[in-house]
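What follows is a short report on a single structure.
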């Protein structure tokens, strides 16, 4: 078991060009003082300073997480096998393909080995580039081979420094998004500071480096920044086209680097759909975003050798359904309140039905079952019936897929982030409801009244109406719905909180530094003036930044000075034994998490692995895990040999697991799936029966003849037991 022990001493513009500035110099008689040259110079200076601050914060964040990683593991001092073991579970599996490409005789042979891989799943040849999102490892390995850096930088450091470098991109994208929303780079500074001080809840890159989300989320943040800019009004055609290209590139890279991209973009598409229905976003731009999502995903599908899971994604079905439904219902946004509500209800039902029909049709044609475990998990999670399905229960029992713990909010409140977020969320939600209701009502009466009045009276009436009208800009409306939907996802599934908390930093900082938010509040209190709005928004931001700095700077310095080192002697001993005492062609069975490390550290062939998005692999894993169930030695031997297994690794931490409560231990999930009564005190379902055999992983250690006839123990330490399978004719 991996542990960490204490190290031993020894060895845009301030108010962007497309938005009206609140800071207008006004004479006492009401005339505006204009200074185009001075204003332009100030904007250039502001953009320059803001840009320098953004890049500096991004680089500092990269150095910060890299230093934490080094201090936590003493990465520069430990052996290569220890470095590789530190890439736990699926992280090790992904990194193994980077290592495989680096060690290949040529780039062509490396690619051939990935396309025709027979070591990841025994007795099967699979296409890694089709099955997994590892193009980033391929690109990085090729880059390492062609750049003249081999003598100065080890492959592992090139890999981890790239991931830490992407954190700079991530922070800069969050900074820019907040800046675009609020019109001041001070908002971006606050967002970046909140991201860093809430690191425990905003990222886990320093200890899960190769995880797919650490590659993908920086590109997702860039995409959101580009969408935020796209949704601004009065963009020039050239600006709009360039922004659409940026959105497409970011969407493509996000989709290419994470297998769960389709679910995240489905939530994004839902946000666009809601706002479009309520007439809060320009329909033409929303249509382009739907098309970009579809085209980006289809391009990834082509690169992944027409991966059927992508073609059968709900995202493609939903976006196509929306475009079809919009063509059928052309007058969706015309008529009175009740008329429009009726049309909207029909529109939503039509889109829903079309989505289900198209998705069902595609899955039927492709015979697609790769993602069925996700829907089984969701069905059980949200109370639509209990399940004995092993795969669904495996997810349900993992803490990462449970509800967001309440202590998350106490940590976020400690930096004032959650308080600020709640404050801004409440205000903008109220504004959004008012705007949505107003948009659904017919605008004819107001237009007719204004048009019937002429001259200066018409201007005065229009200004008076605008003064008492609540507004919400399209980019702010998108940010609001985005944070609400991803907040719901985070609350239901803890692992997805990193998508929410990073945007929470953006949303809260934008609200505190937004002229529109403070203008709304001051108008409600009848205290509004332009100067007062500016004073409040800058004062609040500066006070918050000072509070964060004084409270958390000492803690960050202490964290950076704390030194530990990697310590996992049992796993190191196991990997060294495998490399020294087993043939290169040997096939190993065991837990998914451990086998990923076996492949990375030793290059041996596996029976199963942690990349779970394949029905055959899920069934294979359930069969391999019978080593922890109540099965006869003959049954277990037959199962293992059917997958070509030469050695099986048993872990005491699984066989005698105490981390989970009864009913969620791996052995309990297997017992229930096999129809057997669970161990220990507690209730069992009425139809469960006692097994005819004892638990395999416990009984094999007694060296009874029925077990030694099939299995011979060849390695043992405090954590692992390795058995060699007899090769009967």
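Backbone N, Cα and C atoms are what each Cβ position is placed from, and that goes for glycine too.
Nobody curates TrEMBL annotations by hand; they come from automatic prediction.
Keep in mind it's a predicted model, so treat the numbers as computed, not measured.
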Where TrEMBL places transmembrane segment among the ranges 138-155, 156-173, 264-281: 264-281
Stated TrEMBL location of region 'Disordered', expressed as one of 1-30, 31-60: 1-30
From 372-393, 394-415, 416-437, 438-459, the residue range that TrEMBL assigns the feature transmembrane segment: 416-437
The annotated transmembrane segment range in TrEMBL, which must be one of 500-522, 569-591, 592-614: 500-522
Among ranges 294-311, 312-329, 618-635, whichever one TrEMBL labels transmembrane segment: 312-329
Given ranges 115-133, 476-494, 647-665, 666-684, the stretch to which TrEMBL attaches the annotation transmembrane segment: 476-494
Whether the transmembrane segment (534-553) meets the transmembrane segment (341-362): three or more C-beta pairs under 8 angstroms: no
Remote residues contacting the transmembrane segment (179-197) - C-beta distance under 8 A, at least 6 residues beyond either end: 12-16, 19, 21, 46, 49-50, 53-54, 57-58, 61, 64, 171, 203, 225, 228-229, 232, 415, 417, 475-476, 479, 502, 504-506, 508-510, 512-515, 537-538, 541-542, 544-545, 548-549, 552, 556
Result, the transmembrane segment (416-437) in contact with the transmembrane segment (500-522) (3+ CB pairs under 8 Å): yes
Winner by Cβ pairs under 8 Å against the transmembrane segment (242-258), considering only 41-66, 217-235, 341-362, 416-437, 476-494: 217-235
Contact between the transmembrane segment (264-281) and the transmembrane segment (416-437) (3 or more Cβ pairs under 8 Å, separation 6+): yes
